[in-house]
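**Student:** As listed in TrEMBL for this protein:
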TRANSMEM  B:21-39  transmembrane segment
TRANSMEM  B:51-69  transmembrane segment
TRANSMEM  B:76-97  transmembrane segment
TRANSMEM  B:103-124  transmembrane segment
TRANSMEM  B:136-154  transmembrane segment
TRANSMEM  B:174-194  transmembrane segment
TRANSMEM  B:230-248  transmembrane segment
TRANSMEM  B:260-277  transmembrane segment
TRANSMEM  B:284-301  transmembrane segment
TRANSMEM  B:307-326  transmembrane segment
Amino acid sequence: MKATLVATTALLGLTAVPALSQTVGISIPAATHGWAGALNFHAERTVARLAEANPDMEFVLTTTSDPGQQVSDLEDMVATRGIDALVVLPFESEPLTGPIARIADSGVWVTVVDRGLAQEGIEDLYVAGDNDSFGRTAGQYFAQTLDEGAQVVVMRGIASTVDNERVAGFEAALEGSGVEVAAMDHGNWNRDTAFNLMQDWLSRFPEIDAVWAADDDMAVGALAAIDQAGRTGEMFVVGGAGMKEMVDRIRNSDPTVPVNVTYPPSMISTAIEMTVLGLTAGAPMSGDFIIASELITPDNAENFYFEDSPY
Amino acid sequence: MSTATHAQTSAPRRRRVNLTVIAPLVALLVLIGIGMALNPNFLSYANITNVLARSAFIGIIAIGMTFVITAGGLDLSVGSMAAFVAGLMILVMNLLTDSMGPGLPVIALGIAVALLAGLAAGFINGILITRAGIEAFILTLGTMGIYRSLVTWLADGGTLSLGYEMREMYRPVYYGGILGIAWPIIVFALLAILGEIAMRHTAFGRHCAAIGSNEKVARYSSVAVLRVRLATYVLLGVLVGIAVVMYVPRLGSASATTGLLWELEAIAAVIIGGTLLKGGFGRVWGTVVGVLILSLIGNLLNLTDFVSPYLNGAIQGVVIILAVVLQRNTGAAR
């Protein structure tokens, strides 16, 4: 359905404004871990498809690994490419708010993805995952599955607002269930750190019933450590974001990896598509578009498995 | 040169030198004492094995770094280099599995690729530093960025993972061992002993110290300065290759976050161990103690809720600064 929508809007664009070429700037974080890698994969794919469907439209895609560089990239886009619309996933909210506000003031359409800006009302369109729902969905599963007094360890991501919102949602869902969080620490969304952390927790606690690794990269590290300690079967591990390997284990009904929670990196495609539609279709596109986190279970796992994705 | 100084020092000076010699050991013992008090499982076989095995990667690299720093050089690229070599190794092994089928030859070729890639990377660093005369700090800062980008590119922004069958077959290289001692620990120990012998009892070790101490004098003493310095970088590259051979079977994957900040941990371990950052004096066994101190701090913080995990870096920082403060005395005495 998406494809047909794009095709028709492309036709409309061609017939309506044949001479006027428009430029869309896209600025996202560099592919330094699995989720961001998938984000890049989906961004590139969407740009390739849209560029083909809209020959009169130009796309500028930049990736950055720190907030300072992202600001420079945005300045370059405005100064040298004269962008008409900007799709941006801010590396950090605070430092990017001012620069993006200036771009919005100059009349450029702004779509902000995932990480909100520090000030409201700047962007025309906001497309994001729901971090509270991400933590809450996992927490609800823990509260329903585990008995009272069960011991849970929690691996958080890099200290950030995203991480805080997720953990707050998780803790809120656990409240009153009697499930105890034995330890909580930062695994930094990193396999190696998670592996070391899990090893140390396994020596520290004789009994662990479940692990919440708030990202599938960390779940991979945790699973390796549990396997090494020979304690597979004692506990289950719930990661998040829907990594291919994890979804595969869920659809095979692996008892160690019973479920997963989505936080789709393909939201960048949603953002780019809607921005281009806003430019070409003349249909209203502004507002907030929040993509809820869903629980992946053996019953629905097939819908969340993407063979070609790197993640 | 260092042996001569030690032999000639008078009694009071020797006492001061001894203090800097035992300081890292005392720190290590204090950490072990704290660990025993905090958690009864600290001295358990599993915990000790975990800490030693995970120290092995940075430990093996830090042994090479000891030689580079002793010879007055520096290498900031080792973390990125490890990630790139690991990515390359996984890529090659996956390709070979497709054509040859899973088996020992694939593992042997994969290991050969890792060692050769490490050697080549070390050679490139070394040749550009010695022949093109580029400052080591700047050159390796450059190659650090290059290798990090290359691994991201190889992995297409995601993660390079070893095929399932190969992973199972290769797994024992990290998790297995003999007499209950894991392979990474055995390899780390052997390399540390060889490194200590090379540093203390061979012409190569003495030449490294001579170059780091005073390059001109070393040249007039007919030390092949450029060749020795090049050799230190090549040695470090090969050791990065060996570390990768141990690292890949652990999680069977490499991504852009592999080996992040390893270079700084390796340099910190070298300095904590008593090697002079400005070159001229190196101690491999001290480096081993430094590596253990750094990974024990992380382990202890995970075993307790007593200190906020946010402060891990701060505690490591204090240890590094203390180590350099102690070194200042050695520097003045020399």
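Numbers run from 1 along the shown chain.
Glycine is treated like the rest: Cβ placed from N, Cα and C.
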**Student:** So which of B:21-39, B:136-154, B:174-194, B:260-277 has the most C-beta pairs under 8 Å when paired with the transmembrane segment (B:76-97)?
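**Tutor:** Ranked by Cβ pairs under 8 Å, first place goes to B:136-154.
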**Student:** Residues of the same chain, at least six outside the transmembrane segment (B:174-194), with any C-beta under 8 angstroms of its C-beta?
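**Tutor:** For the transmembrane segment (B:174-194), the far contacts come to 45, 49, 52-53, 55-57, 59-60, 63, 239, 242, 246-247, 249-250, 284-285, 287-288.
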**Student:** Counting only pairs 6 or more apart in sequence, are there at least 3 Cβ pairs under 8 Å between the transmembrane segment (B:260-277) and the transmembrane segment (B:307-326)?
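**Tutor:** These two segments touch.
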**Student:** Who are the chain neighbours of the transmembrane segment (B:307-326) in space, where the CB to CB distance is under 8 Å and they lie at least 6 residues beyond its ends?
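**Tutor:** The answer is 19-20, 23-24, 27, 268, 271-274, 277, 290, 293-294, 297-298, 301.
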